[in-house]
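Everything on this sheet refers to the single structure shown next.
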Amino acid sequence: MKAFSPVRSVRKNSLSDHSLGISRSKTPVDDPMSLLYNMNDCYSKLKELVPSIPQNKKVTKMEILQHVIDYILDLQIALDSHPTIVSLHHQRPGQNQASRTPLTTLNTDISILSLQASEFPSELMSNDSKVLCG
């Protein structure tokens, strides 16, 4: 049931929103399929942007999210190990810095990436990184 206002609209001579092609945006409750398509587009974009996700292989949404988390944490480690950032960390005493807890290996691709990561110079694999997820 819709509520009606006892006051007449001031816009009686104007064109209706419908005739102008203007519509109110629907909430996700009004249009769940639109939300689903939008989320699928976001997952597709994430799959394109993260280099460790195989492009020619079907991966689940959970795998995409885990790859994204790993990628962000790896970028954080690389950033934290940069000499300028390292010197800033030493200037802030009392900061609690814990080592990163790795996520569960999803598939062979992740295992291969882990083996490749062990070949990086030790300054990139510092244990002084900040934990992003508690």
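Residue numbers in this text run from 1 along the chain shown.
Each Cβ is built from the backbone N, Cα and C atoms, and glycine gets one as well.
Per Swiss-Prot, the phosphoserine annotation among the candidates Ser9, Ser25, Ser122, Ser126 falls on Ser25. Of the candidate ranges 66-75, 106-115, Swiss-Prot annotates residues 106-115 with the feature motif 'Nuclear export signal'. In terms of DSSP helix, strand and coil, the domain 'bHLH' (23-75) has 33 helix, 0 strand, 20 coil.
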